[in-house]
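J.: Can you keep this structure in mind? I'll have questions shortly.
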Amino acid sequence: MGSKTLENEERREYDIPSNSESNSAGGEPRGHHLSRDGDGCMGSKGAADSDSGDDDDDDAITDATTSISLTGPAIIAEPGKKKNKKRKRPKKKTRAKQSSPPRIPLDDLFRSKEYPPGEFLGYAALPETTARAKAPELRLDRSRALEDSTFLNNYRKGAEIHRQVRKWVRTSVKPGQTLTEIAIGIEDGVRALLGNAGLETGRSLQSGMGFPTGLALNNCVAHYTPNPGQKDIVLQHQDVMKVDFGVHINGWIVDSAFTMSFDPTYDNLLAAVKDATNTGIKQAGIDVRISDVSAAIQEAMESYEVEIRGKVYPVKPVRNLCGHDIKHYRIHGEKTIPFIKNTIQTKMEEGEIFAIETFGTTGRGYIRDGQGIYGYGLSHDAPDRVSLPLNSANRLYNTIKENFSSLVFCRRYLERLGCERYLAGLNYLVSNGILEDHLPLMDVPGSYSAQFEHTILLRESQKEVLSRGDDY
Ligand SMILES: [Co+2]
């Protein structure tokens with residue numbers, strides 16, 4: 001996970017785009033930003049798409065013509081007025097709406113198979129003297145890959161699935177539910193909207209979960225997912241829950257996360273982290289030094305404090321967790337973006353994909369491994385084939401290669417494929433360095449932490465915040 005340093009490169013700065021003023025570092029209470037991204041489409045293309053399915057306001061307007069079950073309460077017209085109303089209103093094209101829980105494949109909601117883009121953020125004008133960080137050929141190659149229309153459309157589809165599934169989480173998940181119910185709810189939703197249950201061999205390589213669904217409570221900062229056979233955790237009213245899940249299509253992962261709390265005590269903690277993430281997104285750009293992104297994130301996060309049961313805590317960025325670039329079938333590339341000041345001179349480059357995420361905490365701001373295991377992923381140097389003395393390890397290795405490749409998975413994902421008596425094989429692969437295990441990451445007991453995260457594309461002439469929605 002080291003970051004390389006590029007030297008002797010001139011620096012280019014990006015102005016804060018004028019269309020994102022409401023993202024300012026001054027912070028905003030939850031919900032306030034609805035005014036910013038209120039149309040849920042964030043682009044002319046999305047707004048023009050009459051099948052757009054992520055739009056609360058429009059839901060209400062077009063309910064009357066909707067044929068598929070709705071998430072919200074029905075609006076019943078007063079008798080006698082209905083006729084009048086109908087005449088006044090120009091006839092709208094019927095829009096299919098996502099069900100609750102989400103089960104309608106996205107392809108059925110977007111008949112055109114064109115998916116709404118994310119939020120576009122501009123770059124500042126390029127100073128004439130600025131040199132690009134990499135050789136032009138390399139830069140152009142990567143850039144062309146991002147500009148490919150099939151690639152972009154698929155990536156946007158993954159983001160739209162993320163938005164629709166998390167909308168259900170935010171409206172339906174309540175204290176009293178178990179983390180297993182919530183995780184399976186998210187995963188069933190993602191797979192239904194992809195139209196791919198991922199059960200036949202190799203199908204989850206085509207599309208599916210990007211990594212194990214993370215449901216981390218309170219001082220568990222990240223990397224917790226329920227495992228089969230373990231005592232289930234019941235969500236409590238006073239819990240602060242980080243919901244981090246990924247959707248991949250052809251190995252390109254949308255990595256996006258948010259934090260839920262049912263108690264307004266934690267509003268400032270959530271606001272701090274949301275602000276820090278948005279600040280990181282604003283700062284990110286082609287040829288921008290990672291150290292500059294980190295410094296801006298830290299400053300935004302540390303401008304908040306939160307009062308919990310009479311005691312005031314500064315919101316601290318977590319020192320040993322980072323944002324990261326995303327590669328094909330790899331959630332963590334080589335670049336990392338810490339949330340505290342550093343001297344990383346590495347620059348972001350055109351054509352790169354980043355998961356801009358931040359974590360803030362009322363604890364120490366330093367995480368340690370917790371109990372249990374979150375997930376497993378093939379090591380970078382894992383061989384194509386193995387011939388190990390343990391047969392179950394060989395069998396499991398083939399299953400992993402065929403169904404996950406280098407995507408991180410968890411035990412629940414193995415069991416739904418029908419794997420049985422695999423634990424010895426799993427442990428063997430880990431202890432021989434073929435598989436890496438990922439543990440829950442904990443701050444001190446009694447602390448609370450939050451996370452917000454978006455996937456962004458550094459496109460040729462603008463950033464695209466793929467996973468942006470009207471919620472965060
Ligand atoms: Co991430």
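Quick reminder: no glycine exception, Cβ is built from N, Cα and C everywhere.
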J.: Quick check: of Asp232, Asp255, which does TrEMBL put in the same divalent metal cation 1 site as Asp244, Glu453?
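T.: The one candidate that TrEMBL places in that divalent metal cation 1 site: Asp255.
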J.: Which of Glu352, Glu357, Glu415, Glu420 shares the divalent metal cation 2 site with Asp255, His324, Glu453 per TrEMBL?
T.: Glu357
J.: Hey, for the divalent metal cation 2 site built from Asp255, His324, Glu357, Glu453, who else sits with CB inside 8 A of the CB center?
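T.: The surrounding set, listed in chain order, is Asp244, Ser256, Ala257, Gly323, Ile326, Phe354, Ala355, Ile356, His454, Thr455.
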J.: Which has the fewest other Cβ atoms within 10 Å: His223, His324, His332, the binding-site residues listed?
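T.: Selected from the binding-site residues His223, His324, His332 on minimum Cβ neighbours within 10 Å: His332.
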J.: Of His223, Asp255, His332, Glu357, listed as binding-site residues, which ones have a Cβ less than 6 Å away from ligand 1?
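T.: Near ligand 1, sequence order: Asp255, Glu357.
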J.: Rank aside, I only need the closest one: which of the binding-site residues Asp255, His324, Glu357, Glu453 has its C-alpha nearest to that of His332 (substrate binding site)?
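T.: For His332 (substrate binding site), the spatially nearest of the binding-site residues is His324.
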